[in-house]
């Protein structure tokens, strides 16, 4: 009876994970559709963005499932429950492990092959309206560079970090043979782990810049508010009048039949293009001003201020928790060789104190983990929107 109840609970856990997957897909579709350009959107690029974001979020969602499965198989004292024998626990652990490596492999596929190919394909399409074959060839040529980087990372992860025994009488061929034997015994998992760790370093740099900036920009923008659509329409109308006056001054030069100079013709063409853009923006702002979403945002303006103050408190909570955690590792860890592993807790931080309290009531701790992940997504996007995407000093 206990085993049947345990199996039922595990099935319920996996069903909840399936519902979480569905919710993630719906969120990614709404999120990408909200921020993408309506005039320049493409079907394949939209699907790629939704799929890549969904895979990243599903990988994050697997972490609380892993915690749930491991903690559910054990008693309070750390021993395994009666029904969770060696065979059952090993099957569950292997299933989660295969889930991790499958998702990590899909992430590598997206980062080094699919996303670069789609990007370069549509870049080539904008520059040259040629046939599809030439666009595919050019995109594959540029994507080959990313595939080469991925192959180099996999080779480094497969062979370099291994601890090769130093035998005085061993030949070079025996050392190479041992390398391949070790690579085969690990089934290439070390190579995959090294590649994911390399991407994690890039993600850490992005977190230091965009996420950290967004943690302050998001709450301050909520408190400060944005420019209303009516005020933007007023500024846009003034810009239209200024461009129209400039156009009239240039056209007045040819009223007596004299042709315009090449410089005036270029200026006239640029001004006409700018006027079309401004009128397009005026129609867009007019539709925004009349939309129900704008009226709803104006109605919940006080709630935005409350959310801004709340996000500032959350940012301070993360800052204090990270500082105390790193200080604990610096003072009480086993050192650099062990990866700064901590044997016991010496300095507690607010998040570590909060998680055991919420764990007593299912599923409050998983709600907290989900909230943290979504918070980092929104703050990262806020940082990207405010700073823009830069590669060193070049704006992309």
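Numbers run from 1 along the shown chain.
Glycine residues also receive a Cβ, built from the backbone N, Cα and C atoms like all the rest.
Just so you know, TrEMBL annotations never went through curation; they're auto-generated.
Per TrEMBL, coiled coil is recorded for 261-288. Distant neighbours of the coiled coil (261-288): 229, 232-233, 236-237, 239-240, 243-244, 246-247, 250-251, 253, 294; these residues of the same chain sit at least 6 beyond its ends, with a Cβ under 8 Å from one of its Cβ atoms.
The annotation transmembrane segment is assigned in TrEMBL to 12-32 (among others).
For 44-65 (among others), the entry in TrEMBL reads transmembrane segment.
For 98-122 (among others), the entry in TrEMBL reads transmembrane segment. Panel annotation: around the transmembrane segment (98-122), residues 42, 44-45, 48, 51-52, 55-56, 58-59, 62, 66, 135-136, 138-140, 142-143, 146-147, 149-150, 189, 192, 195-196, 199 of the same chain, lying at least six beyond its termini, place a Cβ under 8 Å from a Cβ of the stretch.
Annotation comment: TrEMBL describes 142-162 (among others) as transmembrane segment.
Annotation source TrEMBL lists transmembrane segment at 189-213 (among others). Beyond its flanks by at least six residues, the transmembrane segment (189-213) meets 101, 104-105, 107-108, 111, 150, 153-158, 161-162, 183, 376, 379-380, 383-384, 386-387 of its own chain at Cβ-Cβ distances under 8 Å.
Taken from TrEMBL, the feature transmembrane segment covers 305-324 (among others).
TrEMBL lists 366-393 (among others) with the feature transmembrane segment.
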### Message
Do any residues, 6 or more residues outside the transmembrane segment (366-393), come within under 8 Å Cβ-to-Cβ of it, and if so which ones?
### Response
35, 57, 60-61, 63-64, 68, 206-207, 209-215, 217-218, 221, 311, 314, 354-355, 358
### Message
Mean pLDDT across the coiled coil (261-288), rounded to an integer, is what?
### Response
81
